[in-house]
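> Pulled these features from TrEMBL for this protein:
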type: REGION; residues: B:1-23; note: region 'Disordered'
type: DOMAIN; residues: B:27-558; note: domain 'Cytochrome oxidase subunit I profile'
type: TRANSMEM; residues: B:52-72; note: transmembrane segment
type: TRANSMEM; residues: B:179-205; note: transmembrane segment
type: TRANSMEM; residues: B:217-243; note: transmembrane segment
type: TRANSMEM; residues: B:277-296; note: transmembrane segment
type: TRANSMEM; residues: B:303-324; note: transmembrane segment
type: TRANSMEM; residues: B:336-360; note: transmembrane segment
type: TRANSMEM; residues: B:372-394; note: transmembrane segment
type: TRANSMEM; residues: B:442-464; note: transmembrane segment
type: TRANSMEM; residues: B:484-505; note: transmembrane segment
type: TRANSMEM; residues: B:670-695; note: transmembrane segment
type: TRANSMEM; residues: B:707-726; note: transmembrane segment
type: TRANSMEM; residues: B:776-802; note: transmembrane segment
Amino acid sequence: MSNSATLKAALGGWPPAVLDPAGPYAEPITRLAWALLLGGTAVLLIVLAALAVALWGKPALRKRLGGDRTIWIGGVVFPGVVLTALLVWGLWLTGSLQATAARAGEMRVRVTGEMWWWRVTYLGERGETVIRDANELHVPVGQPVLLELESADVLHSFWVPRLAGKMDMIPGRRNLLRIRAEQPGTYGGQCAEYCGGAHALMGFVVVAHTPESFARWRAERLAPPPPVSGRGPELFLASGCAGCHAIRGTPANGTAGPDLTHVGARRSLGAGILPNNRGTLAGWIADSQTIKPGNRMPNYKQFSPDDLNALAAYMESLK
Amino acid sequence: MRSETGFDPDLYQRFPTQEERPAEEEEELRRIWCAPHGWEYLTVVNNNYVGIFYLGTAFLFFLLAGVLALLMRVQLAAPLMEVLPQATYNQVFTMHGTVMMFLFAVPMVEAAGVLLLPQMLAARDLPFPRLSAYAFWAYAVGGLAFFASLFVGLAPDGGWFMYPPYTSKAYSPGINADFWLLGIGFIEISAIAGAIEIIVGVLRTRAPGMSLDKMPIFAWAMLVFAVMIIIAFPSVILATLLLEIERAFNWPFFDAARGGDPVLWQHLFWFFGHPEVYIIFLPAAGMMSMIVPTVAKAELVGYRLIVLAMIATGFISFGVWAHHMFTVGLPPMTTGFFSAASMAVSLPAGIQVFSWIATLAIGRPRFNAPGLFVLGSIVIFVTGGLTGVMVALVPFDWQAHDTYFIVAHLHYVLIGGMVFPLFAAMYYWIPMVSSRAMSERLAKWVFGLMFTGMNVAFMPMHLAGLMGMPRRVYTYLPGSGWDMLNLISTVGAFLFAFGVLLFLIDLARNFRMAPGGGNAGNVYGAGSLEWLPTELYSTRSIPVVKSREPLWDDPKISDNVEQGRYFLPRSATGLRETIVTSPLLAEPQYVQIMPGPSVWPLVAAIFTAFFFLALTVQAYMFGLASGVITVMAMLRWLSETDRPIAQDEVDIGAGIMVPTYMTGPRSHGWWAMVILMIVMAMISAMAMFGLAFLWSNQPTFWTPPALLGEGAPIALGYGLVVAAAVSSRWLHRIGNNWAVAPVLLAGLAAPLLTWLDIRMWSAVLAPDASGQGAAVFAILSLQGTVAAIGILFAAYLGWRALRGLITPTRNSTLDLACLFIGYCGAQGLVGTIFTRAVGA
């Protein structure tokens, strides 16, 4: 499967993500959603039927409809009963889904919303930083993962509809959200709280691995990076890229932008908006402002085609 | 029958009177109420004119914001379109929401109140015609200037709820956000002016005998509407003020890094923002409840239930605001409460819908233009209400929040709950103000296009939201599966727009303003008083009201009214006047002399607008000059009121004598001042809430406040201010010549106390250092503002006292100054203690 096909499947399409849950923190909401959609449609039909009777019904029927009793039944008793039942269901569900503090041994990931990308930090037992990444969240299937949601600038909202409801990222606060994917695969998400400029182009994916695959991924990330040399790394360090980006094992240690240590392994580029390959990497470096207007990375048009290619190849090699 | 004021209800038996009225009386009424000509036409204050201008302007904003919607729909018709660049789109969607909510919806219903209420209540005008004129002009000038910011690319782009920190200086450095904050902040002031007018108008200028249970349901709706504005708008006025201060002076109310909290904005905004939805819906529902009985030719079923439902809506709506914040991370206890309240609020809505259905069932419904829009409204509104119940459930909202599902929901509610009723109302009431009715044939097309277009545009958005499409996106990627849905929505939006266009064509063909009589008349056969024959002075005489549908129950009433057989068949004082009645049973109390055309409200409004615009573009000197001119114009306008006239008592018909002047709690001016004080108290209370909120959410940033003991002398001083205001009124009542002195002194002393308090706090806190400092100094600044206005009051009172205009019987100015300065002291007292108590 090509990267771009993965992305499309992850970000949308049929069936609607909210109605196609992939884990226990989304599934009960889907059940509720179906009950609400079907129940709501039924109530609408009843009201339409009452309206039709009022307009065209037989005189006897209309007479029965035309009194205070209709108002009491339709406006007070019926909604009162239905809404009370719904409220109980809703409260119970809220209590059971709302994330609580981390349980012992639970995997914790801090996701920080930034204008307009996601900083992803895998935390250790004591909350220390273990792995740095961006715009992609790797989780093992069948295990709950606690997300600590923060913001570096303005409000954002973290939302992977197939795994859980959304939760806002607010400066000065740390919100918790628990997700758990039951099947391996990629699950798309997008920033849901308007955050200015490129809010529309702030996507990400959650990648759920089988336990073996996750262990492999984790080992790769923790392994010391291979030494690098050549035109690509030289250009990277000489052109100011390192001012914002870090690549572990090199002098590049900027923190303003996404960590690029494993940029070549990502499923997408530009926070979920482009497939990731040498061509798109080169295009992004030279002209990210056309691809994602307003993003914080300036265009780097000064590179010759060869240099650009070398730099893109270097990025692509960072698996 | 019991009496409320000592008025003998048997006196109503004298009407209709039998003797012929002299013909000159009608000529005199015409002369007194005639509108000025030429350029002075702009100085009219009569509700027949101001109401129409107001409605026309609000409808213009509906069209403008509608065009913005079409632009957005074109941009979203396909993925990665480049019709509107990102920055422009973000401005356009912000302006669409802002203009629709603040410049169309609220002003539109308020304008409908200005136009319709006096006619429905058979008053000659609203009690403060110049205030209406001021509210209208401030809104029109300010609103158009605000809209124009779009053409120079300076429009705000933070979304209509302007969440910080995106809208703070750090992330929105341009003046775009300032346009929103100052522009909207001041349009809210205009809304409050209108609300004061409406409350006093509904409670005090009803036709004699129109007790609260005979009041037209629209008047009930407007009463609840106006009360809600008084409670809700102060919150957003404060919020805009705080954010503007943060932007201008770097006081960190919403900056988490310095002990502020962006969530505070959300609370303040939605405490206003959700009631706002019902503020828009209730008057429209009130219109529906007027139109449905006429369409069905039957009395409204469940009048009392509807009134109760409206009042319940008003109450509950203040307990639902946090349902916009279910994803903020509030504790489950909190979200549970707001979830329950949000569901509960659908009960009163259901009551109204089913009473309309029941009314249609007992009547013989006609499918005329208002009838069609009424039916369309019910269908659309119920759909929106049902999705509303869905998102009231916290877990479902976690998914639906901030997606196109919400976009669909809110448009169903607002278009079904406000726009369709409004179109029904326009078809229904245009014959009252135009010499020709609208075309029924064209109306079927207008309705068909709008109804179809609405559903085609917004139904697919539910699905788009469930498919993961967030709101406020300027584009989306191909392959996301949203393409087809968005294309359908765009087609629907244009169908809707064609419907509106047809309506405009019809309007151009048939609308001919006829405020001075000669209107198309009661074409739908309604039963309420606004269909009495009227001219500029409203009805020739003011009828005694004995039922809810007087025109249905007394076929001769129109003729009797026109022959002058009821109250006030002439101008009793030779001036513009109306009868002020008691709030519950509407017993005649006195004749209010009403002001006529004046240029000063217009001048004050224009310079108020200039003042705020000047602040926005940081032309401070110009702003200062505009502010001074505004205050001068207002004082000039005030100085023409509260004048002595020759007669102390007049005959208002059938030998019933009432005074021409009233002071104290029974006067309409007192009522208005009390309402204004509630507004100020709400602003102040919200500021104190802000302080307490920051303390509970950012305790690590707290400095122990200045000691309560040190503040004691200041608190005592404020207490003396209150005592002085009270004693002035008392001294005046016992006829003391120096009655004015204590309140004058108190008015001058209050600012000194505020100044002392500011000095004391400056030693402990800096306003730009922490959220606490910012909040404390915000409370002090509010106090300073109130105290400064208090000086103006004192000066105005002193000037009138020197000119001998304060007499034992004519002392409204003294009364109002005592009220205001007394309030100033009370607010200061509470603030002094509260600021020192939080976190002590």
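Keep in mind that glycine also has a Cβ here, set from the backbone N, Cα and C atoms.
Relative to the rest of the structure, where do these features sit?
Residues belonging to the domain 'Cytochrome oxidase subunit I profile' (B:27-558) score a mean pLDDT of 94 in the model.
Same-chain neighbours of the transmembrane segment (B:277-296): 101, 105-106, 109, 112-113, 216-222, 224-225, 228-229, 232, 306, 310, 313-314, 317, 345, 349, 352, 355-356, 359-360, 362-366, 368, 370-371, 374, 377, 413-414, 417-418, 421-422, 424-425, 428, 524-528, 549, counting only residues six or more beyond its ends whose CB sits under 8 Å from a CB of the stretch.
Cβ atoms under 8 Å from those of the transmembrane segment (B:336-360) belong to residues 278, 281, 285, 288-289, 292-293, 295-296, 298-302, 305-306, 308-310, 312-313, 316-317, 319-323, 326, 374, 378, 381-382, 385, 388-389, 392-394 of the same chain, restricted to positions at least 6 beyond its ends.
When Cβ-Cβ distances below 8 Å are used as the criterion, the transmembrane segment (B:484-505) is approached by residues 63, 66, 69-70, 73-74, 76-78, 423, 442, 445-458, 460-461, 463-464, 467, 476 of the same chain, each at least six residues removed from its ends.
Tertiary proximity for the transmembrane segment (B:707-726) is limited to same-chain residues at least six positions away from its ends with a CB under 8 Å from its CB atoms, namely 742-743, 745-746, 749-750, 753, 756-757, 760, 818-819, 821-822, 824-826, 828-829, 832-833, 835-837, 840.
Here the transmembrane segment (B:776-802) has Cβ contacts under 8 Å with residues 241-242, 245, 251, 253, 631, 635, 638, 680, 683-684, 687-688, 690-691, 705, 740, 743-744, 746-748, 750-751, 753-755, 757-758, 761, 765, 767, 813-814, 816-817, 820-821, 823-824, 827-828, 831, 834-835 of the same chain, all six or more residues outside its ends.
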> Helix, strand, coil residue numbers for the region 'Disordered' (B:1-23) per DSSP?
6 helix, 0 strand, 17 coil
> Do we see three or more Cβ pairs under 8 Å linking the transmembrane segment (B:670-695) and the transmembrane segment (B:303-324), pairs being at least 6 apart in sequence?
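Counting Cβ pairs under 8 Å (6 or more apart in sequence), the transmembrane segment (B:670-695) does not reach the transmembrane segment (B:303-324), since there are fewer than 3.
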> Which range wins on Cβ pairs under 8 Å with the transmembrane segment (B:303-324): B:179-205, B:217-243, B:372-394?
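Selected stretch: B:217-243, with the most Cβ pairs under 8 Å.
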> Taking residues 6+ outside the transmembrane segment (B:217-243), which of them lie with a CB under 8 Å of any CB in it?
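Contacts with the transmembrane segment (B:217-243): 106, 109, 113, 116-117, 120-121, 162, 164, 167-168, 177, 180-182, 184-185, 188-189, 191-192, 194-196, 198-199, 202-203, 206, 251, 253-254, 265, 268-269, 271-273, 275-276, 278-279, 282-283, 285-287, 289-290, 300, 303, 306-307, 310-311, 313-314, 317-318, 675, 678-680, 682-683, 685-687, 690, 774, 778.
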